[in-house]
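Copied from TrEMBL, the annotated features are:
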TRANSMEM  12-36  transmembrane segment
DOMAIN    25-153  domain 'Tripartite ATP-independent periplasmic transporters DctQ component'
TRANSMEM  48-65  transmembrane segment
TRANSMEM  86-111  transmembrane segment
TRANSMEM  131-149  transmembrane segment
Amino acid sequence: MSSLRKQFLFNVDLVLSSIFLAITVLVVIVNVSLRYLFHGGLFWAEEVATTSFIWSVFVGAAAAYRYKMHIGIDFVTKFGPAPWRAFIAVVIDGLMVAINGYIVYLSVLFIQANSLKRTPVLDIPALYVNLALSVGFALMTIYAVNFLYRDIRNLFDSKK
């Protein structure tokens, strides 16, 4: 596998969220310009911009979690007592695996419950919008499992 392909796969969350954010911004700018200049916009622009924004938010949230950029993720471990920090990190990671995994489960149920819905303007299956929730939280669950594994190893390595 080429280095470029590996780099893309490793950063797929950043690439996807960036692409969807760019689509959102581009569609909004074009639509506002058309409304201002020609007093009429693209009928599908709001739906495309909203869908792209949803994907950008959920996949971007996973990327932020991977880089520990969410406020409060490491707040408890940094200010906890030094001997307990490794254990607290394992507990927090375990909670994140459980919570994110449960949200993935709920999002799959949500997608199934809305499987027949279609978007109002473009008439595409709502699955394409709702799938962002599952993808974002599935990525966060994978990252949380990785953090949990790493922190468990750190916990036992620090006891030696």
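Each Cβ is built from the backbone N, Cα and C atoms, and glycine gets one as well.
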(message) Can you tell me which parts of the same chain pack against the transmembrane segment (86-111), counting only residues 6+ beyond its ends and a CB-CB cutoff under 8 A?
(response) 73, 76-77, 80, 127, 130-131, 133-134, 137-138, 140-141, 144-145, 147-148, 151-152, 154-155, 158
(message) Same chain only, please: residues at least 6 beyond the ends of the transmembrane segment (48-65) with a C-beta under 8 Å from a C-beta of the stretch. Say none if there are none.
(response) 13-14, 16-17, 20-21, 23-24, 27-28, 31, 73, 119, 122, 128-129, 132-133, 135-137, 139-140, 143-144
